[in-house]
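First the structure, in the form of structure tokens, and then the observations on it.
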Amino acid sequence: MLAFIERPSSFSYTSDPRFRPPPWEPPCGLTEGIEIVCLIIFAIDLTTKSYLIGWDEFRKCKWLIVYILAVSASVIDWTLTLSMYCDQNLRVRRLIRPFFLLQNSSLMKKTLKCIKRTLPEINPKHNGEWETYFRDLPTSLSSLLVLLTTANNPDVMIPAYSLNRGYSIFFILFSGFGTYFLMNLLTAIIYNQFRGYLLMSVQASILRRRLGVRAAFEVMSCQGRERVRVDASLQVMARVQMKSYYRQAIIKRLQQLSDGFIQWEAFRGLFDELDKDRIKEHPPKPEYNSPLLQKLQLVFSHYYVMIVGNAVALANVMCICTILVLDSEKSMAERDDYYMEVINCFFILYYLMEMSLKILAFGWRGYLSYRNNIFDGLLTFCLLVLQITIFATYRNPASRGLMSLWEMVRLVNMLIVVRFLRIIPDIKLMALVASTLVDLVKNLRAFAGILVVVFYVFAVLGIWLFQGAITAPGKMSMENITINFTMECGSYEQLGYWPNNFDDFASSLVLLYNIMVVNNWQVFMDAYTRYTTEWSKVYFVSWWLTSSVMWVNLFVALILENFIYKWDRSVTCSVADVERTGYETTVQLMFREQIQEPTEEELVTQLHQHPHLHLS
């Protein structure tokens, strides 16, 4: 995060060099003070880990050795910065910082290792065609890659195609073979290779986990018996540090054992609870003495009431769409909002009645324990407030002026359309898609972490290489942006891409994202080629290969893996079961069918060979 504040600072309201004021620069020692605190914490962390594992294990751990080098190099560079009174432009430690993020996550390290092993499989070293057909590297890369990525594809073909239509055959064959065959084949290779290496890494992780569980069983087991006392396990669980619902789930399973002892298989099964998220339990419904209230409670707590509510929301959306289509050809003055207001009032009253009866059926706590009810309740409240505001404002001409009637009605209708989204959990396929998205956010954070590191490194490199390379044609005001020089159509200048630059960290991130999504990426490459050197294309091509080819394809592969895993499990499931699978999915469980459980002999052999565990 320091990269946003350090020089060049990103603290300006625009990144466009034509209008950008001088950014706020931090005083010397501010960011350096924060940085040295972080480095001291890293040094303490490194010292503690090194002491705990011992010298023999330390020499084998490459991550800890690099950790020492990273901290040492950062401290030296930090000292140089202070000795120059913070006037040091090239700060090497900025490129070292992502290492601290990577080394603190075991899953990130596994993922990085898998990516490292995947790359050689898709980049063969021996290729004689380079020497024969690609003598001018920068030009060949730029023209063929623009053609391959389909970004402004005709621009490459048009000069030759305008002379002879037969030349189009070459370009069509190249883009067809390259874009639709080789690139998709590359996705398959990345998916296959990375999946294989990740599976191996997960297999090793499962082995270590089973080894740890087996070690705990051996330490806690009774002398000469292959079983553990339940009361001893409960004492350990009372003192262990973990999330409360994990502890409660394990203790609950322990208390279900009646004979006072737990065998190895059951002991290992206790730790399956760590793969599950907390399953929310709803509070009991209120008890009523009145027969009428009991009947209302029975009716409005039924599942079909939610289906009726979804049908009403669908009817509401259809009415809104119909009126919008009928009014689409009319001007604002000709539109009559009377019917729209009547329809909105009717549906809002229904939503209000539905919410009140559900509160009656479930009670306040029970009503709020369902996410759908919270969503519906908030939207109903907003709709009611807006509708009352419309009546109060537009029935009293003296109070008008807050918002136009049409804007208010549109806001009400937008909220109603959003309310219709609550049907997602009630449709099996949509629930499966939503569950997959939630799973990706929850369980694939390591991949997002590596993406952050890659963005960070390329942004800092971009600042070093290209900061200030593109200069605006004189300062301009926002009111007068008339261009007084000739610009080529489709160029960086003509398209007004001035805010996309490497002048600070924030604008560098935006520019890298724009290149990652491919469209018009050649415009940025061409501009920096003209303003700097032809070899700047190597930077942009490297980023395209890393982000668009490697990372995007890898992410697609992981989405496919996660979705296929959930799809296979949900073939015979109900909607409620599909939602429940979201509580039971981790990266390890995605590969459950391919993972081989270690045998008893393997675990016992490795335990007896462990340097820090001495079993009799």
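For all residues, glycine too, the Cβ spot is worked out from N, Cα and C.
Annotations in TrEMBL come from automatic prediction, not curation.
Keep in mind the model is a prediction, meaning the values are calculated, not measured.
The annotation domain 'Ion transport' is assigned in TrEMBL to 25-122 (among others).
The annotation domain 'Ion transport' is assigned in TrEMBL to 128-194 (among others).
Among the features that TrEMBL reports, domain 'Ion transport' is placed at 318-563 (among others).
Residues or ranges marked as transmembrane segment by TrEMBL: 64-85 (among others).
Taken from TrEMBL, the feature transmembrane segment covers 167-191 (among others).
Here TrEMBL flags 303-326 (among others) as transmembrane segment.
Feature annotation from TrEMBL assigns transmembrane segment to 374-394 (among others).
Remote same-chain residues near the transmembrane segment (446-466) are listed as 3, 8, 90, 94-95, 97-98, 101-102, 105, 107-108, 110-112, 115, 501-505, 508-509, 511-513, 528, 532, 536, 539, 543, 546-547, 551, 554-555, 558 (criterion: CB distance under 8 Å, separation of at least six residues from the stretch ends). Positions annotated as transmembrane segment by TrEMBL: 446-466 (among others).
Feature annotation from TrEMBL assigns transmembrane segment to 538-560 (among others).
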- Query: Cβ under 8 Å to the transmembrane segment (64-85), counting only same-chain residues 6 or more beyond its ends: which ones?
  - Reply: 28-29, 32, 35-36, 39, 42-43, 46, 49-50, 53, 58, 91-93, 96-97, 99-100, 103
- Predicted model, mean pLDDT over the domain 'Ion transport' (25-122): 85
- Message: Summarise the domain 'Ion transport' (25-122) as counts of helix, strand and coil residues per DSSP.
- Response: 81 helix, 0 strand, 17 coil
